[in-house]
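Each remark here refers to the structure printed beneath this line.
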Amino acid sequence: MASRNIWCVRRNFLFDLRGWMLQYSAEVFLKSISFRTFSVECDSKDKESLEEEREDLLSNLVTMGVDIDMARRRQPGVFNKAVTNEQELKIFLLSKGASDKVIGSIISRYPRAITRTPESLSKRWDLWRKIMASDLEIVNILERSPESFFRSNNNLNLENNIKFLCSVGLTHKCLCRLLTNAPRTFSNSLNLNKQMVEFLQETGMSLGHNDPRDFVRKIISKNPSILIQSTKRVKTNIEFLQSTFNLNKQDLLLLICGPGARILDLSNDCTKKNYTNIRERLLSLGCSEEEVQRFVLSYLNMVFLSEKKFNDKIDCLIEEKISASQIIENPRILDSSINTLKTRIRELSHAGYDLSTSSIALLSWSQRRYEAKLKRLCG
């Protein structure tokens, strides 16, 4: 009898426990449904709010003359930002003298500009003004290269770069050239600029230059873009010049402090490919190895000419009975476009000027000087 009572007590307890658990589970389940419904409602409201903000952003950008398709292609992530400052950016740039058209162009090409705060922009502008003479000069740089100003909002890094470049002896004029022609220099990390400067100083010393700081100034003044290249690229180009032209240290030093500085930042593959083409083309015309090297060293800008451009210009001159030896003695004529060469050759021929026996240097003269000469020839 006692055992049956105990069994009944256990059974009632278990039924009560199961009922309590079912009730508790139902409450939890209903609460979770209620919470989920609330969450969905919140997500829906947030989504609607975000969509409204995006519509406002697009409307603002269209009103500002921004090319939306271009901006999306370049930096699509900007359109997903929760906060943007396009109106503040417009007001800021207008206050600096930028036109509506320029502002639209800047944002179209570098949309991330609208994520910068007015405070950050103002600080960065003040730092640039320490180098540039006027707001308009900065606006012109932004119009040409918006990335240079808006790429980074690390104003401390910019300030440190300016201090460092001044410390290695760069003049205010040189800093202006850097900011105008290679503004990305100031967006580099400070360590990156230090690495290049240290590399150039070591290179100058290894070639016998007695003032490493002066060597750095000369290279940067000749080639402002060098600080945005890798030390590996510059080193490879220096080695190429030395080995290709069999230069001793003194001659190599003179070359890279002068005309050779301009090709130090050229792609290594491009340098070798273009030189190989020049060499093979001139050898095919009967020039000697010595003449080829003299030709290139006398005007290293030749290395910037692509294979097609160089060959087309040579063909144009050869077709007009101008000899390879004349070209070797006047490398600067290859600076002129093919259209200019053809036009001048035709005009000189009509004026009775025989290019096959006379100087061809006037093919590379300035337009004003050339026209004065042509007028005298025509009498």
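Note: Cβ is positioned from N, Cα and C throughout, glycine not excepted.
As recorded in Swiss-Prot, the features of this protein are as follows:
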- 1-37: transit peptide (TRANSIT)
- R144: site 'Interaction with DNA' (SITE)
- R184: site 'Interaction with DNA' (SITE)
- 229-233: region 'Interaction with DNA' (REGION)
- 306-313: region 'Interaction with DNA' (REGION)
- R332: site 'Interaction with DNA' (SITE)
- 337-340: region 'Interaction with DNA' (REGION)
- 366-373: region 'Interaction with DNA' (REGION)
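Structure coloured by features recorded in Swiss-Prot.
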residue: R144; record: site 'Interaction with DNA'; contacts (Cβ under 8 Å, 6+ apart): none
residue: R184; record: site 'Interaction with DNA'; contacts (Cβ under 8 Å, 6+ apart): S145, E147, S148, R151, I228
residue: R332; record: site 'Interaction with DNA'; contacts (Cβ under 8 Å, 6+ apart): Y299, A361, S364
### Task
Go ahead and report the DSSP secondary structure tallies for the region 'Interaction with DNA' (337-340): helix first, then strand, then coil.
3 helix, 0 strand, 1 coil
### Message
Helix, strand or coil for R144 (site 'Interaction with DNA')? Use DSSP.
### Response
helix
### Task
Give the helix, strand or coil assignment DSSP yields for R184 (site 'Interaction with DNA').
helix
### Query
Which residue counts does DSSP give the region 'Interaction with DNA' (366-373) for helix, strand and coil?
7 helix, 0 strand, 1 coil
